[in-house]
Each structure stands twice: as structure tokens, then as C-alpha cells.
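Down below is the structure, laid out as C-alpha cells.
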Amino acid sequence: MARQPYRFPQARIPEKGSGVFRLTVRNAMARHDSEMKEECLREDLKFYFMSPCEKYRARCQIPWKLGLQILKIVMVTTQLVRFGLSSQLVVAFKEDNTVAFKHLFLKGYSGTDEDDYSCSVYTQEDAYESIFFAINQYHQLKDITLGTLGYGENEDNRIGLKVCKQHYKKGTMFPSNETLNIDNDIELDCVHLDLQDLSKDPPDWKNSSFFRLEFYRLLQVEISFRLKGIDLQTIHSRELPDCYVFQNTIIFDNKAHSGKIKIYFDSDAKIEECKDLNIFGSTQKNTQYVLVFDAFVIVICLASLILCTRSIVLALRLRKRFLNFFLEKYKRPVCDTDQWKFVNGWYVLVIISDLMTIIGSILKMEIKAKNLTNYDLCSILLGTSTLLVWVGVIRYLGYFQAYNVLILTMQASLPKVLRFCACAGMIYLGYTFCGWIVLGPYHDKFENLNTVAECLFSLVNGDDMFATFAQIQQKSILVWLFSRLYLYSFISLFIYMILSLFIALITDSYDTIKKFQQNGFPETDLQEFLKECSSKEEYQKESSAFLSCICCRRRKRSDDHLIPIN
């Protein structure tokens, strides 16, 4: 017996003028609007999370930001290289002049500093000779120097050098009888020697009472003077030369009263605008080209800043739409993980980089025009901005699964690594303070907290281990034994335990990411929403049949407000 096909029951359509008909039409229109709103939101979300290539294939939208970032990388890097070469000339000129000054004004300078001071003297005769040598060399500077140097005015607008000495107010001392009578109030006496005083023959200034030093109450002697110089090596790089003012200070430190006077030399170089520059050639033209290039970099970064800010604003609006829709439909808020996906950290990184590049480029243009001289601040801004620009390239590599492992591993391991470092840092600080207070008097690498922290960090990385063990002074057996226990325990704890655990945390996150890439990542509310069908099939069948029936009926003007018009 043949099987009869199953006949679906025909849908009963309400009468046109009934209240049920109007209610049904309103419900259909509301469901249709809700579905259209949901589909529109889903399409916008899908488009937002697409890569630039996918956006181009979907809507033929040209990836302006991608092209702009590539152009910006090339220009910012070129700008940084040119500024770096110019900054190296400035630093080299300052360092070369500092070394030349030490050879000129320090008697018996060997060419290398003894420690944090340049040299030292051990007798009264050597102290007097060193002081008089520096003063005489200043007087004969133009006849002996090889550089483009001249005399500069001091704070009192006087050309010459200033000699000051600090000493206890009064006192007597008899070490053989172990007696001391001294007033610890400090007196400061100064004398100014100009070129006329130094040119007298015989030099009367040497016989003055000021230079009769009582070393048992002398604290220090300070000689300060200013010199001016012009850096001509920038002309070879087709740049305008810089004019420098060198504030030089020589300090004879006798505060320890240990029989050793340490001699410190400090030279603070400041760049000033040259008052009158007459240079013939293409230097001025080259400077104008560089200024135009810097201005173009500012324009490119400003355009990138505007586009990235616009993208963040649009993303926040899209996030608000999704949060409101999700709360209205599912009656619960969206998890924090999905909310943070709308805040693109790469755009924030690019905005910070653009701001730093714009400020750094403005400073660079002012430096190029010799209106500013702050090379250090400009170097920090341009260097950091270039670092952020190149780090931002990882964003575009992250669209490929093979390159995305690094980013995902860093994101997954960062919270655990920070918590682990906070705990390990407490132990590290404990070892730092302990090493400083115990080993500081006996080891050069433990003299202050900064060097102790650097020494311990190098030990963690396995650097300079033997030298750290060998340089400990064996003046105290107790301290020597403690140093062995201290160093062995630190190396064993940090290298074999803490460093291994640190690597294990990152390895665990990497293994987790690899498993997720093979088996799939856990789906969040946002991902499940994007994977839903564009519309429900059952509703499509019912609504299409029902709406087609409505459209085929003969309309009346009184029913116009009930008919959905597309």
C-alpha cells in the first residue's frame, strides 16, 4: 500500500478587520525590526573584528591606517637615524672636551680616572702645586689649547676664575696627645682672579694669605671657571655649528682627613645660540630640507592620530550598542573580557607614539633652528616613539596564526608573571639591603644600593660570578664567610628555583595557547553571538508566508499604519 504524503495544515489567517489581526501585524513588525537590528549589530561587529584585508574584500574599504602606519615607520625611522647621528656628534664633542680639560688643568693626570674621582694627592706640596697648576693653565689657555676655546663670563659677568675654600671656623689638634679642640661651624672664603691679576709678574696672588691652607681644618678647595667653544665638526655634516659654554669645576676634597685629597673634575656643557654665524655654502639649504621633512613627519603622525582616535570612538559606540542589546535580549551583562575586546590597545599605543613623535619633531625643529638645545629630552621622545611604532607592527602580524603565538602567550602569561615578580621582588630587595650593609665596606660592587642591585641582577644572568667571589676583601674572616653564604644562597635560590619557575610560567601559557589553537579557544558571549545564524529558519518561513499574504491583499487607507513598509 502506497504511503500517503503528509499534508501540512494550512496557516489560519485572521480576518482583516479584527483586533487579532492588528495585534498580529504589530508583533510581526516588532519581531522584524528586532531581527533587523540584531543583524545590523552582528554585521557591524563582524566587520569591526576583521583584518584590513578582510575589510577590503568585504566592503572594498581601502586600509588607510595600514598604509599610513607603514609610511610612518619609514619616515620616523629615517628621522631618528638622522637625529641620532647629529646627537652623537654633540655627545662626542662634550666628552672629548672633558678629557682635554682634565689633561689641561689637572697636574699629573694619567688619562683614566682612579675611581669616581679623577686623581689624588698625598702631600701638602702636591696639593699646592696642583692648585697653582690649574690657575696657571687657565691663564695660558689660548697659548696651549688645541681646541676652539675662549674665556667665558661667570655669574658676576666677570672673566676669570673663582677660588673658594671651606674649612672649620677654628680649632687645634694634637694627634700625638689624642687631643682635639675644634669648632664645627664651616666658613666659606672666596677670591676672584681675573686675567689682569694672573698677568702680574711676580704673581702676588700666590703669596696672599688666602692660599695659606691649614690642612687639619680644611674641608675642600673649589676652583670654578667658564670657557666657550664652537663645534665645527657639524659643518662637515652640512649642519649649522653649535656654540658651547663649559662650566668647569675642580674640587680638592679633604673632608675625610685621611691623608688623601681626592681631586674631582666636573664639566657641564650647555649649548647656546651663536650670536653671529656667517657660513657660505649649502649648509643653510640643507637645514631647510631637514625642517621640511620634519614638518611632513608631523603631518603624517597627526593624520595617524586622528584616524586612530576616530577608530577608538567608533569602537566605544559599538561597544555601547552591544552592551545595551545584550542586556535587553538576554537580561544579563556582558563579561569583562568581551568588554575589553572593544578597547584596542594597539590604537592606544599608536596614539601615544604619535603624540611623542609630534612633540619630539617640534623640539628637533627648534634644535635645528638653534632656538633650543635640549638634545636629551628630544632623544627620549623620538627614541621611545620609534620603539612603540615598531612594536605596533606586531598587531598586523597577529592576524596570521603562525605569528600570533607570541602575542597570545604574552597576554596569557602577563598576569601570572607580574604576581610572581612581586613575590620574587621582595626576596630580591632583602638580598639587596643585606649585601649593601654587610659587604659594602669590603666590596666595590656593594658600595651603594644601585650597584648592589645591578650586581645581583648580573649574577642571576650568570655574568661575572668568579670576579664577584674573588674581589671580596679578606680583612674580616667573619665577613668573608658570610659573603660565601650570601652569594651561594642567592645564586642557588634565584637561578635554580625562581628563574626556573619564571620560565615554567611562560612555558605553561605557551602550551595552553598551542592546545587552544589545535582544539579551539573557549567561546565567550561575544563569539557565540557572532556565530549565531543570521536569522531563524522557522521564523523566515512563517514571516515570509504571512507577509506575502498581507501584501497580496487589497489595501485600504485606514490600514496603512498597520502595513510594514520596507
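The backbone N, Cα and C atoms fix where each Cβ goes, and this holds for glycine too.
Under the heading domain 'Mucolipin extracytosolic', TrEMBL lists 90-275. Within the model, the domain 'Mucolipin extracytosolic' (90-275) carries an average pLDDT of 85.
Residues annotated as transmembrane segment in TrEMBL: 289-316 (among others). Counting residues 6+ beyond its ends, the transmembrane segment (289-316) has Cβ neighbours under 8 Å at 48, 64-65, 68-69, 71-72, 75-76, 78-79, 82, 342-344, 347-348, 350-351, 354-355, 357-358, 361-362, 364-365, 368-369 in the same chain.
Look at TrEMBL and you will find 346-363 (among others) tagged as transmembrane segment.
Residues or ranges marked as transmembrane segment by TrEMBL: 375-397 (among others).
Summarised by DSSP class, the composition of the domain 'Polycystin cation channel PKD1/PKD2' (378-513) is 114 helix, 0 strand, 22 coil. The domain 'Polycystin cation channel PKD1/PKD2' annotation in TrEMBL covers 378-513.
Residues 446, 448-449, 452-453, 455-456, 472, 479, 482-483, 486, 490, 493-494, 498, 501-502, 505-506 of the same chain lie 6 or more positions beyond the ends of the transmembrane segment (417-439) yet place their CB under 8 Å from a CB of it. The transmembrane segment annotation in TrEMBL covers 417-439 (among others).
Summarising the annotation, TrEMBL assigns transmembrane segment to 485-506 (among others). Within its own chain, the transmembrane segment (485-506) has Cβ neighbours under 8 Å at 409, 413, 416-417, 420-421, 424, 427-428, 431, 434-435, 438-439, 456, 459-460, 462, 465, 468-469, counting only residues six or more beyond its boundaries.
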- Residues of the same chain, at least six outside the transmembrane segment (346-363), with any C-beta under 8 angstroms of its C-beta? 69, 76, 79, 294-295, 297-298, 301-302, 304-305, 308-309, 311-312, 372, 374, 377-378, 381-382, 384-386, 388-389, 391-392, 395
